[in-house]
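Undergrad: Got a structure here, written out as structure tokens. Questions coming.
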Amino acid sequence: MICPLLGILWPYVARRLWRNRVACTHLCVQTFYGPLMQSLKHFKRVATDWFLWGMVLATVLAYFFPRFGATGGSMHAEYVIKVGVFVVFFLHGVNLSSEQIKKGLTNWRLHVMIQVFTFVVFPLIWLACQKLLGSHVPALLMLGFFYLCALPSTISSSVALTGSAGGNVPAAILNASMSSVIGIFITPWLVSLVVGTGAGGIDLGDTLLDLCAMLLLPLVLGQLMRPLLGKFFARHKKYTNLIDKLVILLLVYAAFCNSMISGMWQSQGNSVILTAFIGTALLLAVILLMTTRTARALKFDHADKVAAVFCATKKSLAAGAPMAALIFGSNPGLGLILLPIMIYHPMQLIVCSIIAESYASRHRQQLSQAALEEAQAA
């Protein structure tokens, strides 16, 4: 019955497609080819990022030369990293624009939503997953997922993606900066709730003092020195970014060296990497869906919606790696604790870059349509 019907209809359908071949081709390009090429372009940009390959190289070097970068090794990582972290946060303070922050102060609903997602919703998602799946996931990896959920938002990529998608850049700068400062206190406190503060846990008082000395103090000093050094570092921003990334690579290398020396990776097996990847992908998908729906429910305009999605879903490897070194010290499981944020970092860049392109394209179409309607009305 169906085959004869198809035989009758096919010549008619084929003629219609041929007559409208230009429109059909344009529709296919818009629907499939354009988004595919944009996705490949963003994937290529991330795949050729030397920093991501540097993280892979750091783990490989830790496998072959663990004693060099371990605590007490020839590199003296425990001292080199502290100096590096101090320098990085000093540079963050110099580059932090108080003028841009002041511009974004008015939209309180947007700020509350972003900070609540960053420090409340993320940990609650972890808590739900821990109740359901905690017994099936290694304890250190589960702690790593919580550490990822407790981290502040990242500044650079949040602002860059918000700007490229036509979002509220001053609000993005304010929220990402506020998140980084709040995170110095909130992140170790949240971690202490999970691991405890007694034997086997962390000493919250000493940890906060260390974080203030190594993160908050250089941040404040950098902000005080901004009138003198701000223009110089703005002209040489690529070098400050280079220092930032090199310190992170040192932290990753040292963390994995200590893990190798302790035999932690041999005891966990390769399946832990697959588990971390799947868990991270699911977390990113859930949080993107939740932030998008919440921004829509709050009736944010395009600019605020973009800022909400890109600031509330981001987590900072730049802050996470130094803070982990101070919070967990020379814990041999630090490599496994850092694994989720190391996977989340490139994943959020790839996925959010594609979403940013989609937002920007949709916004351009809306502006063009609005301009056309205005011209017709005139």
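From the backbone N, Cα and C atoms, a Cβ is placed for every residue, glycine too.
According to TrEMBL, the record shows the following:
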type	residues	note
TRANSMEM	46-65	transmembrane segment
TRANSMEM	77-96	transmembrane segment
TRANSMEM	108-128	transmembrane segment
TRANSMEM	140-161	transmembrane segment
TRANSMEM	173-195	transmembrane segment
TRANSMEM	207-225	transmembrane segment
TRANSMEM	246-265	transmembrane segment
TRANSMEM	271-294	transmembrane segment
TRANSMEM	306-328	transmembrane segment
TRANSMEM	334-356	transmembrane segment
Undergrad: Which residues, given as numbers and ranges, are at least 6 beyond the ends of the transmembrane segment (207-225) yet have a Cβ under 8 Å from it?
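TA: Residues packing against the transmembrane segment (207-225) from afar: 82, 85-96, 98, 181, 184-185, 188, 192, 319, 322-323, 326-327.
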Undergrad: Under 8 angstroms for C-beta pairs, at least 3 of them, ignoring pairs fewer than 6 apart in sequence. Is the transmembrane segment (108-128) in contact with the transmembrane segment (271-294) by that rule?
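TA: Per Cβ check, the transmembrane segment (108-128) touches the transmembrane segment (271-294).
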Undergrad: Given the cut-off of 8 Å on Cβ pairs that are 6 or more apart in sequence, determine whether the transmembrane segment (271-294) and the transmembrane segment (306-328) share at least 3 such pairs.
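TA: Yes, the transmembrane segment (271-294) and the transmembrane segment (306-328) are in contact.
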Undergrad: Should anything in the same chain at least six residues away from the transmembrane segment (140-161) have a Cβ under 8 Å from its Cβ atoms, list it; otherwise answer none.
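TA: Contacts of the transmembrane segment (140-161) (Cβ under 8 Å, skipping residues fewer than 6 from its ends): 92, 114, 118-119, 122-123, 125-126, 129-130, 134, 167, 169, 172-173, 175-177, 179-180, 182-183, 186-187, 190-191, 194-195, 241, 264, 268, 272, 275-276, 279-280, 283, 310-312, 314-320, 323-324, 333, 336-341, 344, 348-349, 352-353, 356.
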Undergrad: Of the stretches 46-65, 173-195, 306-328, 334-356, which racks up the most C-beta pairs under 8 Å with the transmembrane segment (77-96)?
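TA: The stretch with the most contacts is 306-328.
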Undergrad: When you scan the chain for residues with a C-beta under 8 Å from the transmembrane segment (46-65), skipping those not six or more beyond its ends, what do you find?
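TA: Distant Cβ neighbours of the transmembrane segment (46-65) are 245, 248-249, 252-253, 256-257, 259-260, 335, 342, 346, 349-350, 353.
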